[in-house]
Amino acid sequence: MPGMMDKGSEYLGKGRSNGTKSPSNASNGHFSDESGSDDEHDVGMRVGADYQANIPEFEPGSSRYTEKDSGGMLVWSPYHNIVDAKLDEYIALAKEKHGYNVEQALGMLFWHKHNIEKSLADLPNFTPFPDEWTVEDKVLFEQAFSFHGKSFHRIQQMLPDKSISSLVKYYYSWKKTRSRTSLMDRQARKLANRSNQDDSDEEMEEANPIEAHDSDYDPSKEAKKENPVEPPAPGSKVALGRREHHTLQHRHHQRSRCRPPKGMFLTQEDVVAVSCSASAANTLLRQLDMELVSLKRQVQNAKQMNSGLKHMLDSGIEEFTLPEVKLH
């Protein structure tokens, strides 16, 4: 006991020396209300029912788990005895004839314990859940997603009649077909490709201002290049007017001319040959295919010859070397 009293006095002395108030006003670990606001920040053990966690009583077994606590319901589980071809045929029939989606069709099959015949017979007895997403809702979702990204709580502010689970479910179905069905992305891609093509055309014109393109062939310009016209006298007004008209016409031609896509090269002879008749295009393509096949055959023959030569070299060159002759 004296030792404990000494330790207590040392603790109180340290508390006074550090400028903290002694816990003399406390009873059973609780500070009194008269201690003021400064006592709330004092260090002390918090003991009592107010500072303890409420631990529920132990319930052995699985009786404490209910259907509400378990979450969702299992709607599909794969079965190894079903052939993939039959499963695809069943899903296609459920989608085309009865209007089911993939999840609903698989849920019906799972309900009938993977029996395809019973599932097909039971499909007409139920009306599938309709698609609750209208065109306006889909456009609003795309706009909200472009603004907020994957923040579905903010997207829900633009679509208040949709739940978070519905937004997440539609997001994953929309994400798979986004590159094929999104109208906004398709229009944006067209505008981006158009701007990129214009920029590439301008860069090509700046890099090669004199080099002519295959699609810009003009016989009159070629004739003018071969027979250049001497510049007129500086005092001639008619010559200046003609020159200004020519420069304006050249600028207009630069803007209005069409170029083929990047990586495609056309010649005037090919265009004339294709456009002369309806079957000319197929004939020309067939000839190109035959040339390609013949080139592939040549490549294959060259590979076979190289393989044979390599096989001959693997056996060594001893049979090709001359016998040694010793001179006396």
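Every residue gets a Cβ built from N, Cα and C, even glycine.
In TrEMBL, annotation is done automatically, which means it is predicted and not curated.
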Among 166-193, 278-305, TrEMBL lists coiled coil at 278-305
Reported in the order helix, strand, coil, what are the DSSP residue counts of the domain 'ELM2' (43-127)? 42 helix, 0 strand, 43 coil
Outside the coiled coil (278-305), six or more residues from its ends: residues with CB under 8 Å to it: 270
Looking only at the domain 'ELM2' (43-127), what is the mean pLDDT? 82
